[in-house]
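One structure is given below, encoded as structure tokens.
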Amino acid sequence: MGRTNITQPTEFILLGLSSRPEDQKPLFAMFLPIYLITVIGNLLIILTIRSNTHLQTPMYFFLSVLSFVDICYVTVIIPKMLANFLSETKIISYGECLTQMYFFIAFGNTDSYLLAAMAIDRYVAICNPLHYITIMNHRRCVLLLVLSFCIPHLHSLLHILLTNQLIFCASNIIHHFFCDDQPVLKLSCSSHFVKEITVMTEGLAIIMTPFSCIIISYLRIFITVLKIPSAAGKRKAFSTCGSHLTVVTLFYGSISYVYFKPLSNYTVKGRIATIVYTILTPMLNPFIYSLRNKDMKQGLMKLMHRVKGQ
């Protein structure tokens, strides 16, 4: 369904991952378990941390918040995508599209700021262990948490306000499985120079700020660990960072591939890369943090024994 007149659309059509009818049910059967695994896995992380006194530290506090944000993140996208797999129309209203875009941008950036907070925590724990409790006190943890939510939501609001100023006149078909910024921008026939400049400047600054914190923190950690004389001490220090580094690599690697290039280059490969950080990374986080973390494994086992004993 296309449009040639210059009007503000009342609805969009989400083309999804495939337009072929025979693909819809297999895609539904694939993404429903992914969604359930993501929600259940992240809930288990939250419950494990909340129920274990040994995990009441800043690192695990941020991890539990990250798990909560990941649940919100996938819930913004996957339920609508699942509904569209079973629907012939695949319609999303204009207001619903902007709402989905707002929360997608907000929660996605909140993820990156929480990853930065976790990197800072690891830096203080390894490079300044004697002052760890003083530096990473409750007040500073709350401050980092507030910043991790406020900055992304203000950033997202700015982008939604700019998007709402655009005129759509060519088509209302979004070649994506949700209302992402780039595919929606491609439908506009009005000048989106201001929008693109904002994405490449303010957006880049918002993304690069936490990323820079992560890079600087790990450079300092790497330098400190190299000074540790024993091989066992080096392995122990690196093991506390392994899970976090894996998640950071997955998250920022896929984001860089999708967004740090011109709008005209947004293709099917971009959609596939989007799946990695919007769907696969939140699903893998519980496995990465539980399988590669001794404290989390022990906490999870205690939670399971407690549940079985009731």
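Here the Cβ of each residue, glycine as well, is placed from N, Cα and C on the backbone.
Sequence annotations record features per position, and here TrEMBL assigns domain 'G-protein coupled receptors family 1 profile' to 41-289. Annotation comment: TrEMBL describes 27-47, 59-81, 101-120, 141-162, 204-226, 238-260, 272-291 as transmembrane segment.
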- Message: Should anything in the same chain at least six residues away from the transmembrane segment (101-120) have a Cβ under 8 Å from its Cβ atoms, list it; otherwise answer none.
- Response: 59, 62-63, 65-66, 69-70, 72-73, 76-77, 144-145, 147-149, 151-153, 155-157, 159-160, 163, 178-181, 184, 206-207, 209-211, 213-214, 217-218, 244, 247-248, 251-252, 255, 277-278
- Checking 141-162, 204-226, 272-291 against the transmembrane segment (27-47) for Cβ pairs under 8 Å, the most are found for 272-291
